[in-house]
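First the structure, in the form of structure tokens, and then the observations on it.
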Amino acid sequence: MSPRDDIPDLKGFDGDGEGSVQVHDSEDIGLDVGGARVFSVYGKGGIGKSTTSSNLSAAFSLLGKRVLQIGCDPKHDSTFTLTGRLQETVIDILKQVNFHPEELRPEDYVTEGFNGVMCVEAGGPPAGTGCGGYVVGQTVKLLKQHHLLEDTDVVVFDVLGDVVCGGFAAPLQHADRALIVTANDFDSIYAMNRIIAAVQAKSVNYKVRLAGCVANRSRETNEVDRYCEAANFKRIAHMPDLDSIRRSRLKKRTLFEMDDAEDVVMARAEYIRLAETLWRSTGEPGLTPEPLTDRHIFELLGFD
């Protein structure tokens, strides 16, 4: 028995063949997001993508947008600062109904979070087994079946680590813009360079374009800015390494629910500005950076 056998194809949809959901074209999936603007958030593992995604979703909602955030990580902690709890995953809920999606209602797997942000956690198979990308693909199908992607202004995909192969690249097939979360250090920038290459490859056949990067948990931005200048890329936000952001995670809240300390107010303003920048970016030509070779990055940022 394959480790993936515990996650069968969703009944009620055309069969795709084992594992094929993760590499299908968007036309095959038939995803219709209506007029929603779709953003995929990528970055090195542990860089703060979920914190960035949740506060970005909150900022969009405060700008009057209807927002849906989709966590694409087996840890299923993408949305807990929006909802105040760890949300049950789509895959676990499907198991409860023996993988009969027609028995589910949106409220069975969608939780309303801060300021009306709708939250979904795709989940994933146990560690070391199955295909997480397959789970993401099936979640997208379920959202399509219930027309949830059509009834929003903004969709935010919070994607696992810096994995941009197969299924975890699937959000790029539907995204208008990809946002990369990085930090002012070599490893984070190295991961960003590889993500840029993956997004550029997808952009040949899909509408996705790069929006820019966020320098996160960083006092300075000099290394990020040096890379951006060399690769013709752009930093569009800077989130310093603030203790208030760490405390908000511990309190299971977005920054917009914290007390009005000076650093909190500053961070909120930066997230609002980021949301406004991303919203405008979909009506403008996307960035077209040139990813650097490994040797070039080492020479640019590595040790002397």
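Using the three backbone atoms N, Cα and C, a Cβ is placed for every residue, glycine included.
Quick look at what Swiss-Prot annotates:
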- Gly46, Ile47, Gly48, Lys49, Ser50, Thr51, Lys75, Asn216, Arg217, Pro240, Asp241, Leu242: ATP binding site (BINDING)
- Ser50: Mg(2+) binding site (BINDING)
- Cys131, Cys165: [4Fe-4S] cluster binding site (BINDING)
In the three-state scheme derived from DSSP, which category covers Lys75 (ATP binding site)?
coil
Look at the binding-site residues Gly46, Gly48 and tell me which residue has the greatest number of other C-beta atoms within 10 angstroms of its C-beta.
Gly48
Per DSSP, three-state class assigned to Gly46 (ATP binding site):
coil
What is the total of other Cβ atoms whose distance to the Cβ of Ser50 (ATP binding site) is within 10 Å?
23
Under 8 Å by Cβ from Lys75 (ATP binding site), counting only residues of that chain that are 6 or more apart:
none
Far apart in sequence but close in space: which same-chain residues, 6 or more away, have a Cβ under 8 Å from Arg217 (ATP binding site)?
Ile47, Gly48, Ala183, Met239, Pro240, Asp241, Ile245
Kindly assign Asp241 (ATP binding site) to one of the three DSSP-derived states: helix, strand or coil.
coil
Max Cα distance spanning Gly46, Ile47, Gly48, Lys49, Ser50, Thr51, Lys75, Asn216, Arg217, Pro240, Asp241, Leu242 (ATP binders), Å?
25
Neighbour count, 10 Å Cβ-Cβ cut-off, for Asp241 (ATP binding site): what number do you get?
13
